[in-house]
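Engineer: Got a structure here, written out as structure tokens. Questions coming.
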Amino acid sequence: MTGAESQEATQDSALPGPPSEVPEPAAEQKAPEDSQPEPSAPPASHASQDVPPGFLYKVEALHDFEAANSDELTLQRGDVVLVVPSDSEADQDAGWLVGVKESDWLQYRDLATYKGLFPENFTQRLE
């Protein structure tokens, strides 16, 4: 029995060794795992950035519209615009929407620079 006990003791002492080595590689593996959610997180945030903050719906320009002021969007027929809430209810009541061309948003992701007013009746809401 002493021999069996010594074998068990040897096995028991052998087991703590590898588990202490296993957490180290596991810790090394956790670092890549921790970094994996970060790369997967940007695509998730990237997906949420497919539309600007406050996005309401999309419209398509049915007619060309030439901006007359710096706060307006110039549109060409077929342009898709991502509509966002207007700062001014008066603009909305007067038939103006605020948005950013989808192409500008996808390229620059800068709502402050690329958003503008456009006439709602020049557009058609997309589903």
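Cβ coordinates are placed from backbone N, Cα and C, and glycine is handled just like the others.
TrEMBL labels come from automatic prediction, so no person has curated them.
Heads up, here are the entries from TrEMBL:
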REGION    1-53  region 'Disordered'
COMPBIAS  1-13  compositional bias 'Polar residues'
DOMAIN    54-127  domain 'SH3'
Engineer: Just give the helix, strand and coil counts over the domain 'SH3' (54-127), going by DSSP.
Structural biologist: 19 helix, 27 strand, 28 coil
Engineer: Please average pLDDT over the domain 'SH3' (54-127) for the predicted structure.
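Structural biologist: Overall, the domain 'SH3' (54-127) comes to a mean pLDDT of 96.
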